[in-house]
Structure formats: structure tokens, C-alpha cells
Amino acid sequence: MFVEKSQAEFKAGATAAYVPQRTLKTSISCTGVALHTGAKVTMTLRPAEPDTGIVFRRTDIAGRGAEIPARWDHVADSRLCTVIANADGVTVATIEHLMAALAGMGIDNVVVELNGPEVPVMDGSSAPFVFLIECAGVLAQAAPRKAIRVLKPVSRSNGQTVASFTPAHDGLTLDFEIDFAAKAIGRQREAFLLTPATFKAEIARARTFGMLEDIPRMREAGLGLGGSLDNAVVVNGDQILNEDGLRFDTEFVRHKILDAVGDLALAGHPIVGHYHGVRSSHAHNNVLLRALLNDPAAWTLEPLRPGVHAPAGSAAAEAEQRLSA
Ligand SMILES: [Zn+2]
């Protein structure tokens, strides 16, 4: 079970009239390969004060210019992976699977140190980051968690690509549809209510994927140099090239949901609403997020009420904490 916090800490959180913000109990590091540059990179997740949010820090760059907040208005590029930049042009790439893990596990405040320009790809899913979070442990903080409540429908489409938000009473639900020409993928649809338990069991392990025919073009462009069957599902028509096959029958659409969790985490707060994606991408999810947040009538920021389903705000998640305390 998810190792959470001490009994005393839990009681303090349980009697509070709000859902607490959460950070890590201790710092934790990992080393891995960067998907696009192929370089080895070390990442350290550090606990952070309430209201810090998720902030990336490039330790290979001196001075104040090395910090980059993980926010929707800092997204510089999202064609292949999500790249964020600060005012000095310092960037961090491939943040989406780590962002998904932090949001999925209900972590509000963390400083992510990296000694290079890209988050390590690990196995192409969020599972290794979930493992790191669980090893570090989670600490409830004495500050209320706030959520962005969707107040009216917001939708953006581009040809057959559609992404939308509609209001929901409770929590964030994600409903995603894909339709690929490759027979090994085809049409898939899944929908989940996001809680740490659901994220860990149904979403986190789904790996990124690509088509065999796209690999030479990516390599020529100097991208995907760290990519291999160890960190992506590779599809060729009706074939899966990975020896061990898939982790779920619908691993592809589950990974698109994982990506959407990471993309929507750039809102800076959990979202209470219903998300629907049809063939949506990192870039299109960011278009939707900007459309929502740039319309003051479409949302409101409010303290998350105890019992509302959102990562670590749900009755189920609180019960889970109680069991493991
Ligand atoms: Zn992805």
C-alpha cells in the first residue's frame, strides 16, 4: 500500500477542514537516459514549501536563470514531447510522464533537479516515477489544496482532433478515444476517474509508443536518440515489436490518458471537470488548457473540499491513507 504519513500527521490532516497540499517526505534521485538527446541524466525530486507547485531546476546552469516553473504558460514546444522554458530561454524537455506521476499521485509541491536539458525517459511510462514518489514518502502540509473548477464547456478542435472540458460535480474524469491506421492499435477508448489508486493501477504503467516507419525520420532530425524497445512500444502494422508484448490490451489509449494527465497538470492545480480527448496530442491539450484558463468565466479557483474526488482529495484516497498510516 501507498506509504503516506505518520498517524499524528494523518490525524492533523483529518481534523482540518481542508484537503492539505502534499509534498515528498525526503529527496530521492534516479539516473536514466534522455529520450531525445540520448545523454545520461540524473534527476532529484526534492520536497518544497506549500504553494511552490512543481518547479524544475537545471543544476548544470549557474544562477537564477536555472529555474523553470512547470506551468501551461511556460510551454515552449509540444510537437513530440512537452518542453517548458523560463524567461532566459532555459528549457527542460520530456516533462510529461513525470508531471503525470506527480499529478496522478496527488503531489502539489516538488523541486525537480536535473543536470541536463531533459527528464530521463526510464521505461517510457510513469511507473518508475510513481515508485520514486512512494519510496520518498508523501507528506501532508499545513496549507489548503486548491482546485480549478470548470464552470462551462470549453472545446477546441482541429480537423478530427478534439479536446474539451465540461463541468463535473466531482473530481477529474478523463475519457480518450484514438483511431490509428496501424492494425495493432486501431480504435481504442478508455475513461477513468483520476485518483492515486486508479492512476497507479490503470494508467501509470502504459508506455509511450511509436511507429517503426517514423524512427529513421526522427533520428535524422536528431531526435529519439535514446529511444529503444526498453522505453517505448514500437508498432509495425499489425505487429508489436517488443518481445514481451503489451502491458494492457488498451495500453496505447491508456498512455494517451497518461499524457493528458501530465499536460493538464500544467494548470498548476488539480482540475475538477470532465476531459474528453479524441486523437488529442500534447500540443492540442495545451491549446485546450490555454482556452480554459484564458477565459475567466470558464473556471474558478477554490479550496478542494474533503470528500471531493481529485487525487488525494477523495474519500477513497483518504481511506487509503488511513489504512497505511
Ligand atoms: Zn507520453
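Note that Cβ sites are derived from N, Cα and C of the backbone, with glycine treated the same way.
The active site, proton donor annotation in TrEMBL covers His282. Neighbour count (other Cβ atoms within 10 Å of the Cβ, all protein chains): 21 for His282 (active site, proton donor).
Secondary structure at His97 (Zn(2+) binding site), as computed by DSSP, is helix. Around His97 (Zn(2+) binding site), the same-chain residues six or more apart in sequence whose CB sits under 8 Å from its CB are Val119, Val121, Met122, Gly124, Ser125, Ser126, Phe129, Thr208, Leu258, Asp259, Gly262, listed in sequence order. Residues or ranges marked as Zn(2+) binding site by TrEMBL: His97, His255, Asp259.
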I want the residues beyond His97, His255, Asp259 whose C-beta is within 8 angstroms of the mean position of the Zn(2+) site's C-beta atoms, in chain order.
Glu96, Ala100, Ser125, Ser126, Ala206, Arg207, Thr208, Lys256, Ile257, Leu258, Val261, Gly262
For the C-alpha pair, I'd like the distance in angstrom between His255 (Zn(2+) binding site) and His282 (active site, proton donor), rounded off.
12
Just counting, how many other CB atoms are there within 10 A of the CB of Asp259 (Zn(2+) binding site)?
26
Tell me, by DSSP, whether Asp259 (Zn(2+) binding site) is helix, strand or coil?
helix
